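Chemist: According to TrEMBL, the record shows the following:
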{"type": "TRANSMEM", "residues": "A:20-40", "note": "transmembrane segment"}
{"type": "TRANSMEM", "residues": "A:52-71", "note": "transmembrane segment"}
{"type": "TRANSMEM", "residues": "A:77-94", "note": "transmembrane segment"}
{"type": "TRANSMEM", "residues": "A:106-127", "note": "transmembrane segment"}
{"type": "TRANSMEM", "residues": "A:179-200", "note": "transmembrane segment"}
{"type": "TRANSMEM", "residues": "A:228-248", "note": "transmembrane segment"}
{"type": "TRANSMEM", "residues": "A:260-277", "note": "transmembrane segment"}
{"type": "TRANSMEM", "residues": "A:284-304", "note": "transmembrane segment"}
{"type": "TRANSMEM", "residues": "A:310-331", "note": "transmembrane segment"}
Amino acid sequence: MGTDVNQEVEVKSRWQEIDLRAVAPFVALALLLLLGALVNPNFIGLNNLANVATRSAFIALIAVGATFVISSGDLDLSVGSMVAFVASVMILFMNTNVIADPGMMIAAAMALALVMGALCGLANGLITTLGKIEPFIATLGTMGIYRGLTTWLSQGGAITLQSAEQQELYRPAYFGEVAGLPVPILVVLGVTSVAAFVLYRMRYGRHVVAVGSNPSVARYSGIKVDRVRTTAFVIQGVCVAIAVVLYVPRLGSTSATTGILWELQAITAVVIGGTALKGGSSRVWGTICGAFILELVGNIMLLSNFISEYLIGAIQGAIIIIAMLVQRSLVRRS
Amino acid sequence: MVSTPVSDGALPPSDTVLSAQRIAKSFNGVQVLFSVDFELRRGEIHALMGENGAGKSTLVKILSGFEQPSSGSILLDGKPVRLPPNGAAEALGIVVIHQEFNLAEHLTVTESLFLGREVTRHGLLDRKHMRAETRRVLDLLGCKISETAVIGALSVADKQMVEIAKAISRNARIVFMDEPTAVLSQSESAALFAQVRMLRDRGTSFVFVSHKLDEVIALSDRVTVLRDGQWIKTAPTSSLDGESIAQLMVGRELSSLYPQKTEPNVDEARVLTVTGLTTAHVRDAHFDLRRGEILGFSGMIGSGRTELMEAIAGLGPRSGEVRIGQALMPPGDVQATTAAGLAYMTKDRKHKGLLLGADMTANLTLQSLDQHGAWGYLSPKSMARALERARRRFDIRVRDARVQAGRMSGGNQQKLLLAKVMEVAPHVLIIDEPTRGIDVGTKQQIYHFIAALAREGCSIIVVSSEMPEIIGLCTRVVVMRAGRIVGVLEGDEISEQEIMRYSAGLKQKAVA
Ligand SMILES: Nc1ncnc2c1ncn2[C@@H]1O[C@H](COP(=O)(O)OP(=O)(O)OP(=O)(O)O)[C@@H](O)[C@H]1O
Ligand SMILES: [Mg+2]
């Protein structure tokens, strides 16, 4: 039999088969935009939205990396501290002026940041896999280490970019526009496209999801489980570094409090986006949608008069719970 | 309503405890049950038979409240009911032993038995009482595991026994057993059946799903056969024999179950040589495998067969030598053994074999992604072609190509697992329990498939607890007992009695 029945299915279900969980974050985004427009007419202006998107870029980039780590069944709590640490080292390096040409100096500093990010990620990965320590605990440890190193480097104060020439040259990396779009938005779109390609079109992406949904099955299928997990942490580190490269020109300085609680925002973005926290699924476009939603909520509260913006943390906390509840009910329905 | 065609038994119909009329069920618009009638009497063992994907498990779930029918009605004691979902039907005395078990891995045996109905004294857990009660039920089943053992550490067979103990301890009126014996040895099955008969005589009704025809004939009072989601026949077991049940299930006559055996030439090359292999449980194993040979591994459950095979495949630690062809394999390196052309198919398809949440394509290609593109890129077209090929080659029957593996029928999952392993095109294939949960028609297909592979020059090791399978398929049989190889049988020596003698420790011979 088989064949005739199959054809019938092939024809009819394209529409029914749309995965509600994948669509949910985008529906939520649309509803928020509508709400924002009602609250304040200025909100829906392109200028405001572009600003919001630009500000969400840091969390979005970090969360793209977190999508890899979470899909493979792990968790990285150290990303916020890692931002502070990598940024501090990057600025200190620029302040040494070892390369005379400021352009070259900036390029070298960017490269250094990327390497540092990758190494921090590698450390997280090796501690979790080789050390066989729960990722929650392992990255809680490195979170303290990276934060502590930052505080030590800055001696409790701030680390500031000194050369005005460098600052001037570096500014466009955050404040510039290409073809009418702010650079950070372009970077986010680029990084997410690459991530989506890796996750959905490459062998490594399949391995990540397999390891996240059942490590034994992955092992029995000849997948090097530890290597896949470690690589995910390295990707996370590189994503953090890319965020740092955008972050440094924005303020030109860091301190011991840079990036505090960013790990929670990144995880929230990933979960809002529809990736399961227990691993085994990855929705990287949903992730950046989630990051955008988080920033948007803050913006709406700022523009509205009826909720204090001091409540923003509470609202974001409520959002993550609502997102989980929605996901849960969608799972049950399907 | 038209009367159901199931009134041909000895008992009067007033004894009906549960009946289902015109049950239909669709998943996502795909119909899997078509107007099925079913009737269960007080104190009977009612076997439910059918090919893989016929809809047996689905019917069981509907009759126990785990799924709601798309249409049709269910009558409990003659009154229409809507069974409560998620196992709440237990309150009505309806208990299910699922095909894929539902035990929480980190609980102890006692904790799982009393999950949700813990016994308390003065508001505190009465652990002593619960442990004693657990021990009593386990002893009834002749099950030797400790009542404080953690589920995650048990073998598949023991987990199944815990699941059975759980059902028995709940004093159910109606017990559904979906392939309870698929992972049990003969003695374990016998202990289970003794309990089932005793409970039946006290008035409990059983619905029993199994692909083992001899069990069904020995145990059941009546048989209902489903085919492609349709009701085919309900009849007293005494009026049927294995042949006729098989024919009803498949809808055609079955030729011989086992293919012609072809012995490999004695001078064929050795493709696998194992010398002095030792693991935690296996002691000093020596054997070899020739090109084109089908070598059987027999023994009681727990005799170390799986541990030996996993060590050979590089999935567990070991000492000793494993050579594939001439090449010496490093221990614990799956990638190396796979590259050398050896593949191992696990018997634990739920935990080690398939990603239950992923679709067929993802599962099929997981072990062989390298074939589907270069530089780590994957070509969706190439993977779709692989799926198309595998579905044809292994006759994987699903009505929706994008269904999650966990939602496929048990037998079709097994075929998918075999297909997945075969994707790496191994020339040495180790199959652990090849036909677990597979219907007779498909068994025949798989046996012929294995024989054809061997004729093409592939060498195969079949590990199986089903004696007829080993005897019907293999030209040489290794018997293991308590971690040691205790005998190698060839030619006429291969018989049930002889294998039993070795695996029970009554006989032993030095192995070269
Ligand atoms: N939750 C589900 N979603 C989609 N399809 C399902 C679901 N459950 C079962 N099916 C489909 O229903 C059909 C019947 O499955 P069922 O598990 O009842 O078969 P079975 O007779 O128990 O087979 P087996 O002997 O292999 O266990 C199969 O085609 C299966 O893929
Ligand atoms: Mg079934």
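Each residue, glycine too, has its Cβ placed from N, Cα and C.
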Chemist: Against which stretches of its own chain does the transmembrane segment (A:228-248) lie, if we need a Cβ under 8 Å and a gap of at least six residues from its ends?
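Modeler: Beyond its ends, the transmembrane segment (A:228-248) has Cβ neighbours at 57-58, 61-62, 64-66, 68-69, 71-74, 76, 79, 82-83, 86-87, 90-91, 110, 113-122, 124-126, 128-129, 161, 170, 173-174, 183-184, 187, 191, 204, 207-208, 211, 218, 254, 258.
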Chemist: Of the listed stretches A:20-40, A:52-71, A:77-94, A:260-277, A:284-304, which one has the most C-beta pairs under 8 A with the transmembrane segment (A:106-127)?
Modeler: A:77-94
Chemist: Look over the recorded stretches A:52-71, A:260-277, A:284-304 and say which has the most C-beta pairs under 8 A to the transmembrane segment (A:20-40).
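Modeler: Comparing A:52-71, A:260-277, A:284-304: A:284-304 has the most Cβ pairs near the transmembrane segment (A:20-40).
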Chemist: Other than its close neighbours in sequence, what residues sit by the transmembrane segment (A:284-304), given a CB gap under 8 Å and a spacing of at least six beyond its ends?
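Modeler: Same-chain residues near the transmembrane segment (A:284-304) but 6 or more away: 22, 25-26, 28-29, 32-33, 35-36, 39-40, 42-43, 48, 52-53, 55-56, 59-60, 63-64, 66-67, 188, 192, 195-196, 199, 265-266, 268-275, 311-312, 315-316, 319, 323.
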Chemist: Counting only residues 6 or more past its boundaries, what in the same chain has a CB within less than 8 Å of a CB in the transmembrane segment (A:52-71)?
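Modeler: Apart from its flanks, the transmembrane segment (A:52-71) reaches 79, 83, 121, 135, 174, 182, 184-185, 187-188, 191-192, 195, 199, 208-209, 212, 232-233, 235-240, 242-243, 246-247, 262-263, 265-267, 269-270, 273, 275-277, 279-284, 287-288, 290-292, 294-296, 299.
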